[in-house]
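Novice: One structure, as structure tokens, below. Some questions next.
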Amino acid sequence: MSVYNFCAGPATLPPDVMKKAQAEFLNWQDMGVSVMEISHRSEPFLAVAAQSEARLRRLMNIPDDYAVLFMHGGGRGQFSAVPLNLHVEGKAAVYCNSGVWSQGALDEANKFIETVNINVRKDTATGFDVTPASDWNLPLDASYVHYCPNETIDGVELFDVPKHPTAPIVADMSSNILSREIDVSAFDLIYAGAQKNIGPSGLTIVIIKKSLLERKGLPRPGILDYSLEHKQGSMFNTPPTFAWYLANEVFAWLEAQGGVKAMEAINKQKAELLYDFIDQSGFYSNKVAKHCRSLMNVPFWLNNEKLNDLFLSQANQAGLLALEGHRSVGGMRASIYNALPLEGVQALVDFMAVFAKENG
Ligand SMILES: *Cc1c(COP(=O)(O)O)cnc(C)c1O
């Protein structure tokens, strides 16, 4: 039986990458040791670091005036790093609030700096909805504008990018980085915890416009300091080397799949298959307005919530794992990141159809 893991994070990884890691686990590059047992400053590891950056730059078409950092601390580490590095004396930071994670970023920033909270959700009685970024009313005077293009828990995705005449645009792409083509130059800072679409937890990707590295910001821990990490090649202290190595392998896998453009096409196919099935089922529902439905995280609800436990236990038996929704929104959630194949979504839809028939 095939097993498909719909966990929101840490999430499923490409089997080909896992097999390669397994094959070289004890003996990497014929050195007789594992990649996680060698110095991060050794030639072979520095080669991994350079190769992973080059691959990510190719995959996302990152312009030369952007730095790529491989940091610690996950998405929440960046919730602290962003205000500490980007604060400008006498200016507030604008936080656009579209759900649980953008709220988390705001709460963290409020510990350090002054913020302006802009609500961009416009939920209706029947469901979740969000105002497109083109309609956001952003204050002119801002140190930066922070938003979350894909709310992993709410299943709400923003497909357009906010614009501001002066303030840098900062995006938390933890759950949708590399899922579809974006124009990096429309952003000034992109960050993402690795554990959803890139690799194991612990590693955090930061793509930052080099001019932003000059900001003085506030006193901050060295490991959260962008300019210091940039100067040190992301090796101010020991980086999460195994996660970094695995990320490099995932980037190679992505290139072999045809890059982000090819992934986007598959991701759209996967999402359409699942949403269309849910919408016409009469048994399940998705509460997110169509224009902002996430390509990566699909929350859905059984119309009869008394069947939730039965649904989850039978899904588990069928090899469809981790479908329980986040406690804050309830119901179910299928996370369908890059590494979750179309066959996995088909298997889920087939299971859901049978379950609906048996329990309808
Ligand atoms: C998972 C997630 C986070 C939190 O990541 P951690 O690495 O656990 O700190 C932040 N933002 C978004 C959008 C996420 O999906």
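Using N, Cα and C of the backbone, Cβ positions are placed for all residues, glycine too.
Please treat TrEMBL annotations as automatic predictions, because they have not gone through curation.
The structure displayed is predicted, hence computed values, not measured ones.
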Novice: Name the one residue among Gln51, Gln195 that TrEMBL lists for the same pyridoxal 5'-phosphate site as Gly75, Arg76, Trp101, Thr152, Asp172, Asn237, Thr238.
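Specialist: So the pyridoxal 5'-phosphate site in TrEMBL includes Gly75, Arg76, Trp101, Thr152, Asp172, Asn237, Thr238 plus, from the candidates Gln51, Gln195, Gln195.
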Novice: Using other CB atoms within 10 angstroms as the count, which residue among the recorded positions Arg41, Asp172, Lys196 scores least?
Specialist: Arg41
Novice: Among residues Gly75, Arg76, Trp101, Thr152, Asp172, Gln195, Asn237, Thr238 annotated as binding pyridoxal 5'-phosphate, what is the maximum Cα-Cα distance? Answer in Å.
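Specialist: Output for pyridoxal 5'-phosphate binders Gly75, Arg76, Trp101, Thr152, Asp172, Gln195, Asn237, Thr238: max Cα distance 30 Å.
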Novice: In which DSSP state, out of helix, strand and coil, do we find Thr238 (pyridoxal 5'-phosphate binding site)?
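Specialist: Going by the DSSP assignment, Thr238 (pyridoxal 5'-phosphate binding site) belongs to neither helix nor strand, so it counts as coil.
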Novice: What binding-site residues among Arg41, Gly75, Arg76, Asp172, Asn237 have a C-beta sitting less than 6 Å from any atom of ligand 1?
Specialist: Gly75, Arg76, Asp172
Novice: Could you pull the average pLDDT for the domain 'Aminotransferase class V' (3-348)?
Specialist: 97
Novice: Let me make sure I understand the structure: which of the binding-site residues listed (Gly75, Thr152, Gln195, Thr238) has the fewest other Cβ atoms within 10 A of its Cβ?
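Specialist: Candidates: the binding-site residues Gly75, Thr152, Gln195, Thr238. Fewest Cβ atoms within 10 Å: Thr238.
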Novice: Quick check for the class: what is the C-alpha distance, in angstrom and rounded, between Gln195 (pyridoxal 5'-phosphate binding site) and Arg41 (L-glutamate binding site)?
Specialist: 24
